[in-house]
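Summarising the annotation, TrEMBL assigns domain 'Malic enzyme N-terminal' to 167-348. According to TrEMBL, the feature active site, proton donor maps to Tyr190. Annotation source TrEMBL lists (S)-malate binding site at Arg243, Asn498, Asn542. Under the heading active site, proton acceptor, TrEMBL lists Lys261. Positions annotated as divalent metal cation binding site by TrEMBL: Glu333, Asp334, Asp357. Annotated domain 'Malic enzyme NAD-binding' per TrEMBL: 358-611, in sequence order.
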Amino acid sequence: MFSLNGSSFTNNSLSGVSRCLTQSSRRGVSGPMVVVAAVNSNGKPGDRNVSVLVENSMKESAAAPVEKEIKSTVTGGVGDVYGEDSATEDQSITPWTLSVASGYSLLRNPHYNKGLAFSEKERDSHYLRGLLPPVVVNHDLQVKKMMNNLRQYEVPLQRYIAMMDIQEMNERLYYKLLMDNVEELLPIVYTPTVGEACQKYGSIFRRPQGLFISLKEKGKINEVLKNWPERKIQVIVVTDGERILGLGDLGCQGMGIPVGKLSLYTALGGIRPSACLPITIDVGTNNEDLLNDEFYIGLRQRRARGQEYAELFDEFMYAVKQNYGEKVLIQFEDFANHNAFDLLAKYGTSHLVFNDDIQGTASVVLAGLMAALQLVGGTLSEHTFLFLGAGEAGTGIAELIALEMSKQTGIPLEETRKKIWMLDSKGLIVNSRMESLQHFKRPWAHDHEPVKDLVNAVKSIKPTVLIGSSGAGRTFTKEVVQAMATFNEKPIIFALSNPTSQSECTAEEAYTWSEGRAIFASGSPFAPVEYNGKIYASGQANNAYIFPGFGLGLIISGAIRVHDDMLLAASEALAEQVSQENFEKGLIYPPFTNIRKISANIAAKVAAKAYELGLATRLPEPANLVAYAESCMYSPAYRSYR
């Protein structure tokens, strides 16, 4: 977390950490049963907790449930009789036969529906005869069919909507589809397509995928959280929609971001879907187009600020801990700068919080720079960095780079920061501007004459690394890239802004204008580029490399706080995954086809650091953390139902 005194991201002097791990018993029910009625927690008809059961087998007579102890197969994981996999806390288990009706209702429950993959025996046992065509297909054929259907759509947003439909129909098919075709589908469920989905979220909204908490719920947030059907939440991604990607204030329609992020937590990081909760905090929007849009689904008022906003968020954070405990990870996503830093500073010492825009982006970019050193030589401290954009992403990346340089060299952080320069909308950040600078920009003000534009800043500073986090498209012009190439044999150029339309330059522009010498990475994906008969495959500095494995590492260790060293550990783990074969292709990030393995290695390094720092509560520490992380990861494989 970014510290207001500029010392580090997070509070590095936590004390009084409890290192005890509580074990809870789990109960199961023998015999296949089917729900015919349910009551909610208030004893009224509903669908929250099951209370009335009837026999679901012609071979067995009706009988009272027989309780038995279900043992955990992995320390800290879950022994799960119905296939909800690990990466979770010890908890009470309700077998699927106690929480899902058979027959037509079973086919309409995305958590347990298998579609045509139900076996002949399952169709008999669960009253599915006649509700499905006679053919029985396997999981792989279902994936093949769905991919064939998805490829018929030429418009990315149509594919996004089709993926939403699959998720709402058959959860395990959705995640297997995404995991088996991650490189093709990641741009659909995440950037860049998710940006367009957020812009049109009011029109494509179908059914709740998360919780909407607005000013109308002030004073009732604790009860609102109880309306979510899952009780054992471990990861929350929350946004207030004020700065969605590079698209600005999308208000309530920013929900697409938490939904997309948590899909990746499951598919790439192995966190079970039922442990993930997307939340949008709706305090209004200043987007006039949305306020005048008849299809807008959020509060039709201008954004609340100040005390009203702070009180709502305080209530939310308190309610989250009250409902889900000390170890629930709260990921802040796409907040505007003025809130992003303040929220991280305010709650970093009392909650397990993580800002992906500040910390996740920083970690993935640092990993790319570490890998790039294998191609350009030298150490981090021997390079000079220039940033276009001094918001939460830019300053977050800069701080983590400075921390890593300080760690490697032993040079004080205040000195390593002097290797890093920043340019905002008013020009180069220099000491003469100090009084007018926001607090998070002040550590980056150095002695230099004022410079207004990027081209002259490049010529004056002569950076070896140029990083764009401005949200302003096509700002790395031909003159800028050519200037970088005049004093660098291999200029490192990162155009990080999302979506693709907001990227500071394209891969083709970077390679062409640098005569094929640039080491290029972007926030959104670009196709390979051919220049002078050579193919250049650019890297994608995608946060999806970091946050799924980072979150898994926090969960498997039972961490209660995020520490700077965990972010550095994640960067090092990712950089280590880049192979010589990748380097030969000019890549500084590994392919996403190996992302589950990458996430497991990141999780292991993060968990190890949590144990080292005394911030882990899941004891004892496993002997092989990589193997343990892999064993805890959710699998979308179908399970056989009795």
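For all residues, glycine too, the Cβ spot is worked out from N, Cα and C.
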Find the shortest Cα-Cα separation between Asp334 (divalent metal cation binding site) and the recorded positions Tyr190, Lys261, Asn542, and name the residue that gives it. Lys261
Which chain-mates of Asn542 ((S)-malate binding site) that are at least 6 residues away have a CB under 8 A from its CB, listed by sequence? Leu186, Tyr190, Thr191, Val364, Gly523, Pro525, Tyr589, Phe592
Restricting to the domain 'Malic enzyme NAD-binding' (358-611), report the mean pLDDT as a whole number. 95
How big is the gap, in Å, between the Cα of Glu333 (divalent metal cation binding site) and that of Lys261 (active site, proton acceptor), rounded to a whole number? 9
Lys261 (active site, proton acceptor) versus binding-site residues Arg243, Asp357, Asn498 - nearest by Cα: Asp357
Neighbour count, 10 Å Cβ-Cβ cut-off, for Lys261 (active site, proton acceptor): what number do you get? 27
Within 8 Å of the Cβ centroid of Glu333, Asp334, Asp357, the other same-chain residues by Cβ around the recorded divalent metal cation site are Thr239, Arg243, Ile244, Ile257, Phe332, Phe335, Ala340, Asn355, Asp356
Counting only residues 6+ away in sequence within the same chain, which have a CB under 8 Å from the CB of Arg243 ((S)-malate binding site)? Asp249, Asp334, Phe335, Ala336, Asn337, Ala340
Write down the Cα-Cα distance for Asn498 ((S)-malate binding site) and Asp357 (divalent metal cation binding site), rounded and given in Å. 11
